[in-house]
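Per TrEMBL, region 'Disordered' is recorded for 1-48. The compositional bias 'Polar residues' annotation in TrEMBL covers 20-43. Taken from TrEMBL, the feature transmembrane segment covers 63-84, 146-166, 178-196, 202-223, 230-249, 255-273, 299-320. The feature domain 'Peptidase S54 rhomboid' is assigned by TrEMBL to 137-272.
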């Protein structure tokens, strides 16, 4: 399903054949035509391109990308449903973009990303450690990857997913890229739950970072088929470093990014392995043929699989035994937020004391000590929570 007959080039960099496309030579050395002996010229003429040699090999098929667009549609649909459930005009009253009616956003003081309330995200399946560990709601480790904090959050993740995911699915097929995306998101959720103990976490960022990690490890595991490896690796490392660097800003779950990237990086060695250059070049030649995969590919595949399985086992056991990662790594919280004079990294959820006297609601934020009074008769829990979040900012 989704397979096409045409061949495709690797996502990043050039294959060796492209270095010498003028004479259809796939030999790794770039020799001047004037210095080639008659035997070498004959050999070069008899060789086909790398992609042509790869025809009929399942690892080199070109696929029609349909799964990644479906993931994007699913994320958008879930966001629309979340906004429908949020129903800001009825539950909060203080909304942004009121003309959207039931789908209007929470006040930007509460949610600057143009989205629902934290209470709605919690209801819809956001990652909350207490509910996962003590409420036996482990499904939140998966459901949180399909929720987004707002329109801005959704757009950034979906545009990145389309740009990266479609190219990868076209190259490796929907099964491998689908598994890479889903498992990476799960890995990001586990690391996030181990270190961000009090906040609700949502978003597909961990899964998207997993695709970036898979792209990087794919270059290493398929080292022999690329010509400009160093430039490609440097480019990818810079992209990842910049995005992880932005993750130290407050309000961003960088642990999900790191966990997703690490999971995708290891999983890329397992799922995206391809036959090496020599086997492709000689598989139809008479006589003894080289092994399909080089020894270093087998070693990387084995080590990565073992590390991946061990990581998930240790992570899940630690999580469901209510282990707080910050107690075992005193500096790790700086990976997700670095405090400065311009912002605080306090991630404690908003908590307020309240008292109702007639139509007057008095509230005090326990985090910063601010107090305020509101004229409200019988306010809903959602409205009270919204006011508390604004008061504690």
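Any Cβ shown, glycine's included, is placed from N, Cα and C.
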Could you give the number of helix, strand and coil residues in the domain 'Peptidase S54 rhomboid' (137-272) as assigned by DSSP? 107 helix, 2 strand, 27 coil
Cβ contacts under 8 Å made by the transmembrane segment (202-223) with residues that lie 6+ beyond its boundaries: 10-13, 75, 121, 126-127, 144-149, 153, 157-158, 160-161, 164-165, 168, 177, 180-185, 187-189, 192, 229, 232-233, 236-237, 239-240, 243, 253, 256-269, 271-274, 276, 296-297, 300-301, 304
Let me know the model's mean pLDDT on the domain 'Peptidase S54 rhomboid' (137-272). 92
Same-chain residues at least 6 beyond the ends of the transmembrane segment (299-320) with a Cβ under 8 Å from one of its Cβ atoms are 129, 132-133, 138, 187, 190-191, 193-194, 217, 220-221, 262-263, 266-267, 269-270, 273, 293
Of the listed stretches (146-166, 178-196, 230-249), which one yields the highest count of Cβ-Cβ distances below 8 Å with the transmembrane segment (255-273)? 178-196
Counting only residues 6+ away from its ends, which parts of the chain sit with a Cβ under 8 Å from the transmembrane segment (230-249)? 12-13, 209, 212-213, 215-216, 219, 257-258, 261, 334-338, 343
The answer for the transmembrane segment (146-166), taking Cβ pairs under 8 Å and residues 6+ beyond its ends, is 65, 68-69, 71-72, 74-76, 78-79, 82, 105, 111-116, 121, 124-126, 177, 181, 202-205, 207-208, 211-212, 215
